[in-house]
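As recorded in Swiss-Prot:
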BINDING   ASN153, ASP155, ASP157, ASP165, ASP176, ASP179  Ca(2+) 1 binding site
BINDING   ASP155, ASP157, ASP179, LYS364  Ca(2+) 2 binding site
BINDING   GLN351, PHE409, LEU412  Ca(2+) 4 binding site
BINDING   GLU353, ASP371, SER372, ASN375  Ca(2+) 3 binding site
ACT_SITE  CYS645  active site, nucleophile
Amino acid sequence: MAPKRVVQLSLKMPTHAVCVVGVEAHVDIHSDVPKGANSFRVSGSSGVEVFMVYNRTRVKEPIGKARWPLDTDADMVVSVGTASKELKDFKVRVSYFGEQEDQALGRSVLYLTGVDISLEVDTGRTGKVKRSQGDKKTWRWGPEGYGAILLVNCDRDNHRSAEPDLTHSWLMSLADLQDMSPMLLSCNGPDKLFDSHKLVLNVPFSDSKRVRVFCARGGNSLSDYKQVLGPQCLSYEVERQPGEQEIKFYVEGLTFPDADFLGLVSLSVSLVDPGTLPEVTLFTDTVGFRMAPWIMTPNTQPPEELYVCRVMDTHGSNEKFLEDMSYLTLKANCKLTICPQVENRNDRWIQDEMEFGYIEAPHKSFPVVFDSPRNRGLKDFPYKRILGPDFGYVTREIPLPGPSSLDSFGNLDVSPPVTVGGTEYPLGRILIGSSFPKSGGRQMARAVRNFLKAQQVQAPVELYSDWLSVGHVDEFLTFVPTSDQKGFRLLLASPSACLKLFQEKKEEGYGEAAQFDGLKHQAKRSINEMLADRHLQRDNLHAQKCIDWNRNVLKRELGLAESDIVDIPQLFFLKNFYAEAFFPDMVNMVVLGKYLGIPKPYGPIINGRCCLEEKVQSLLEPLGLHCIFIDDYLSYHELQGEIHCGTNVRRKPFPFKWWNMVP
């Protein structure tokens, strides 16, 4: 709204004013009055609402034919309910009277031209633009909240372009309009009024680099859509055609929330009278938007597509591993996409390269890949092969000296939805690995951490992963879906559970059963040898302490009980003070619904079965899960990674709408 408008009346000549439908105009009835006048009477033509604003303690409302006292504590306000068909077709008359006179001492006449001007967006979050009588400028979270939403137009709808749509200041395809939020400008009133007044669309300077606005002229040609606001373009004089009552615009988001951007932008339209110097703004209507956040999907969401790389090394190709992935995705009814060697340049760690998420508005949703700053062999794959129609792309570059291992996205995960001490996280919480507090070790880059935090809907939790050589959270934790009330379990790697299992097997008489039995390229280690190895015992005592520290953080920050956690047997060893998996790390699995692709641990064979596999099955299969153990030893484990590191899963978005939560 514009500041309070005051229309001054005159006894000498009629006054003319523009009145916006639904907007009150204050009328000055005190400045020009006949000498001796002490009361007045008001009348208005049909379509004009006249009412008095007065101090009830000092002014008495007249009854019947009595007149209003000409008191400074009584003010007149007028408004119109519809737009005028002609100029000055609404009329208000004010008659002034003296002490004992029935004849008016003088009269003032006010001619009003009604105009209907409003800027409308989807404040109700229904996917449709409807006329709103409420607050359009403010943005509120929650199921009772309101406010429009913008998508960052980070996909590429035109195959002829090599860049995301948001990089272009012109429309690349009509499909691109679906990624934008519609905005309607109502501009109903006499054409002659718009001939002498301007409608100006504005974007604040601080928001101009965050949005673009395209004006639609109803055609099916790209030339019918012109950019009118955006970077380097802060205002636009609307080109209204004679008789035109509604003009459609499309608003495009350009930047995600980040450390320097809360995600809120505003646009406004003003009715301006250029007939005065300086020009006078008669009315302003403002609408607000929030940029949709980038949202991660946890393992509990159904899988849609699994990505894996075809590679070649000194041991040959990973063709057998690819066959196992094909079998797993077939069981899980999930699409399989194999990245060829020419595109991955023999970089197999596709989990480290990128993270899949999505963005959503009431009218549209699409997946968005977050490209990590690691920039190794796969660095071009997300941009060149995944970015496309309705598949967006975002990244964050980091300054020199460049990325550390903790900047890879094996060090980025998200929990299922949780409730912590009465606080709900309906989209879960992001988990990232870091150094031990105050230790000065490796950390994920600030640019990435700031981006994740700024999305607001999945408040990040920092864990301690710097004790590991690679330093990724997926080396000691994962989540699996369950069909019970909780809906999931947290799996934690557990050296103590593994040593306990081996001790039990020793006491049962299987001490000579050997780890790595069946592997050609690895020396066997019997249970007796492993239990007697003081260095191995010491290393795993350290690893267990590190995992226990994270266990307590996860219980506190995710609201978990011990019954929500499953300990998966696992041993580690220290190399240059950092831990690596002693045998294939089973929590580093890929989760496809109820089917789990688990690294084959090559544990001691007892009664024809691997005791580690048997233990894991006994823990997980009662939860309705199917354990499929897959050999990744040569192609992944020996290179300090496992199945999760070498795969990536795009999952279905949450059914829950992010705008219904309260961060």
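Using the three backbone atoms N, Cα and C, a Cβ is placed for every residue, glycine included.
What Swiss-Prot annotates, mapped onto the structure for a quick look.
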residue : record                   : DSSP (3 states)
ASP155  : Ca(2+) 1 binding site    : coil
ASP165  : Ca(2+) 1 binding site    : helix
ASP176  : Ca(2+) 1 binding site    : helix
GLN351  : Ca(2+) 4 binding site    : helix
LYS364  : Ca(2+) 2 binding site    : strand
ASP371  : Ca(2+) 3 binding site    : strand
LEU412  : Ca(2+) 4 binding site    : strand
CYS645  : active site, nucleophile : coil
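Other than ASP155, ASP157, ASP179, LYS364, the residues of this chain whose Cβ falls within 8 Å of the Cβ centroid of the Ca(2+) 2 site are, in sequence order, LEU151, ASN153, ASP165, ALA175, ASP176, GLN178, PHE366, PRO389, ASP390, GLY392. A distance of 22 Å separates the Cα atom of ASN153 (Ca(2+) 1 binding site) from that of GLU353 (Ca(2+) 3 binding site).
Taking the centroid of the Cβ atoms of ASN153, ASP155, ASP157, ASP165, ASP176, ASP179 as the Ca(2+) 1 site, the other same-chain residues with Cβ within 8 Å of it are CYS154, ARG156, PRO164, LEU166, MET172, SER173, ALA175, GLN178, MET180, GLU252. Here is what falls inside 10 Å of the CA of SER372 (Ca(2+) 3 binding site) among the binding-site residues ASP176, ASP179, LYS364, PHE409: PHE409.
When the binding-site residues ASP157, ASP176, GLU353 are scored by other C-beta atoms within 10 Å, GLU353 scores highest. Of the candidate recorded positions, LYS364, ASN375, PHE409, LEU412, CYS645, the one lying closest to ASP165 (Ca(2+) 1 binding site) when CA atoms are compared is LYS364. Ranking the binding-site residues ASP165, ASP179, ASP371 by the number of CB atoms within 10 A of their own CB puts ASP179 at the top. Fewest other C-beta atoms within 10 angstroms, among the binding-site residues GLN351, SER372, ASN375, are seen around ASN375. When the CA atoms are compared, the recorded positions lying within 10 A of ASP371 (Ca(2+) 3 binding site) are PHE409, out of the candidates ASP157, ASP176, LYS364, PHE409, LEU412, CYS645. Taking the mean position of the Cβ atoms of GLN351, PHE409, LEU412 as the Ca(2+) 4 site, the remaining residues of that chain whose Cβ falls within 8 Å of it are ASP352, GLU353, MET354, GLU355, SER372, SER408, GLY410, ASN411, ASP413, HIS472, ASP474, ASN648. With respect to CYS645 (active site, nucleophile), the closest of these binding-site residues in Cα terms is PHE409, chosen from ASP179, LYS364, PHE409. Counting only the Cα atoms, the space from PHE409 (Ca(2+) 4 binding site) to ASN375 (Ca(2+) 3 binding site) is about 12 angstrom. If you measure from the Cα atom of GLU353 (Ca(2+) 3 binding site) to that of ASP176 (Ca(2+) 1 binding site), you get 27 Å. For the recorded Ca(2+) 3 site, residues GLU353, ASP371, SER372, ASN375 set the reference point as the centre of their Cβ atoms, and the other residues of that chain within 8 Å of it by Cβ are ASP352, MET354, PRO373, ARG374, ARG376, LEU378, LYS379, PRO382, THR395, SER408, PHE409.
LYS364 (Ca(2+) 2 binding site) and ASP179 (Ca(2+) 1 binding site) have their C-alpha atoms 7 Å apart, to the nearest angstrom.
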